[in-house]
Amino acid sequence: MKRLQNIITETNVWSLLAFAVVAATVIPAVNIVFGVITNETENWLHIKQYLLKDYIVNTAILFAFSGFFASFIGVSLAYLVTVFDFPFRRFFKWALILPLSIPAYIGAYTYSGMLSYTGVITNFLAWASGKMIFIDIMSMPGAIFVFTFFLFPYVYIISRAFLAKYTASLIESARMLGKDYTQIFFSVILPVSRGVIAAGSALVLMEVANDYGVVSYFGINTFSVAIFKVWFGMGDISSAARLCVYSMGFIILIMLAEKVVRGQKRFAIATSKVRVLTPQPLPNTKALAACFYCFAVFCLGFLIPLFQLVAWAYMTYEEVLDPSFLEATVNTVVAAVVCAVIIVCCAILITNSARISRSRFAKIASRLTAVGYSAPGAVISIGVLILFMWLNDFTESFWSFSIITSAYMLFFAYIVRFLAVGCSSLESGFEKIGKTYFEASRTLGFGVTRTFFKVDFKMIIPSLIGACSLVFVDMVKELPLTLILRPFNYNTLATKIYEYAHDERIQHSAPAALIIIAICSISVYYLSRVERE
């Protein structure tokens, strides 16, 4: 009886610790709401009357066109490499994921340099045509181009996995009814892929909402840019909080739209025997066209920016590689490693508690961690800032140390933002091992903690490594959150790139950009390897 009581108490401890972690991550979002419940300032009245409409329209345009083009390119490429066989298909199958390893703001800075008056593309067009042809990429169409070609892999990865596994019988049935492959794509593939397209598009739009580097450099007024201007230019936390609410409104609309689209028409495989799709050879002309399409997208999204960055790095590395660059690299790695370890530990508490608890509340609490990842970084940073301003006022009477100017605030914001990434990886790991061994250990009288370290921990090590690597990569390339919350004179590789670009020294940002791309490429390799397994 006493042992049973100890086990129940131990389970409650796991649940309480998990609840404390979840509550801490939700507090910034709650602070945003409380920040709105204040009197409207003169700044907000001016924004509401003259600027708010532009923020809404610009954000909506970016969402609509970036989401549409990224989805179309992602699905069409997934259809080509899955259904057909053509030269270099196997290469393109994994290479088309690589644009995801270049953050959108790095892509924007690179193309801006290449299309400037003295850029390599402008000079090539002048040589080829005999006259100056200037392409203005620093505009709304330019931003849509950047978001499309650097974010389409979100849709491509999900769509490719779905098409390869679940559409073989559907395509064969359509072929027997006399449909050609173009008709099959529009009348069969798009309808049955509605759910996965919606999921991929939602990820694309969340990245667009989170972006600050592209839109600020291109001079496009979105909510992320507005939040920065209001806080850094006016110091008005109340107006910044109100803008955060509008920004979160767009995110909520995205999530609701995804649920509606996925729930409108449901398709299910009628048999339990799922056959993998066998690619069909294409005729010579069509094979060449498919190869050209894949190569063009691969070049625009990865190869051309990479070659330009390598050339710039070769030109500028002697000027850039100084003690400040080394310090920024160390800051990036230390922050990413420390926070990744903390996030994984917190994710273990939350996911294991949700797994062993029969309470519905525990399941809901684990889902609340998604709030941080779904919200734009600028929104999270304002919520964290409000929290730490209150904590600083509370502690200054008995503690001389100012927490609002320390790295602790930034680290806490990282944890709030990326906790969902760790939880997602560990949830899939726990689902794979099931509860059989856990229940057997409990039957033998072992407690939850001992069972976890003796049994569960060894079986989820691959998921732990995956969670750490994914969190590490996300933190390395995070820009808006770091810009707002970093302590004085604290730089990371991402902020170094931002500063060089805004000082009109884009070439000098290349070495830092290549380091980030190399780290992200490792994540892409891990992602493709997990998918193959």
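Every residue gets a Cβ built from N, Cα and C, even glycine.
Per TrEMBL, the features are:
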TRANSMEM  12-37  transmembrane segment
DOMAIN    56-256  domain 'ABC transmembrane type-1'
TRANSMEM  57-84  transmembrane segment
TRANSMEM  91-108  transmembrane segment
TRANSMEM  114-135  transmembrane segment
TRANSMEM  142-163  transmembrane segment
TRANSMEM  183-205  transmembrane segment
TRANSMEM  212-234  transmembrane segment
TRANSMEM  287-310  transmembrane segment
DOMAIN    325-528  domain 'ABC transmembrane type-1'
TRANSMEM  370-391  transmembrane segment
TRANSMEM  397-416  transmembrane segment
TRANSMEM  459-476  transmembrane segment
TRANSMEM  510-528  transmembrane segment
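Pairs of Cβ atoms less than 8 Å apart link the transmembrane segment (370-391) most often to 12-37, out of 12-37, 57-84, 212-234, 287-310, 459-476. Across 57-84, 114-135, 212-234, 287-310, stretch 57-84 shows the highest tally of CB pairs under 8 A with the transmembrane segment (142-163). The transmembrane segment (212-234) and the transmembrane segment (91-108) are in contact, since at least 3 Cβ pairs between them lie under 8 Å (pairs 6 or more apart in sequence). Contact between the transmembrane segment (183-205) and the transmembrane segment (57-84) holds: at least three of their C-beta pairs are under 8 Å, each pair 6 or more apart in sequence.
Most Cβ pairs under 8 Å with the transmembrane segment (287-310) belong to 91-108, among the candidate stretches 57-84, 91-108, 459-476. Outside the transmembrane segment (91-108), and at least 6 residues removed from its termini, the chain residues within Cβ reach (under 8 Å) are 77, 81, 137, 142-143, 146-147, 149-154, 156-157, 160, 207, 211-214, 217-218, 291, 294-295, 297-298, 301-302, 305-306, 309, 477, 479, 494, 497-498, 501, 509, 513, 516-517, 520-521, 523-524, 527-528.
Counting residues 6+ beyond its ends, the transmembrane segment (510-528) has Cβ neighbours under 8 Å at 94, 97-98, 100-103, 106, 109-110, 157, 306, 309-313, 315-317, 320-321, 325, 328-329, 466, 469-470, 472-473, 476-477, 493-494, 496-497, 500 in the same chain.
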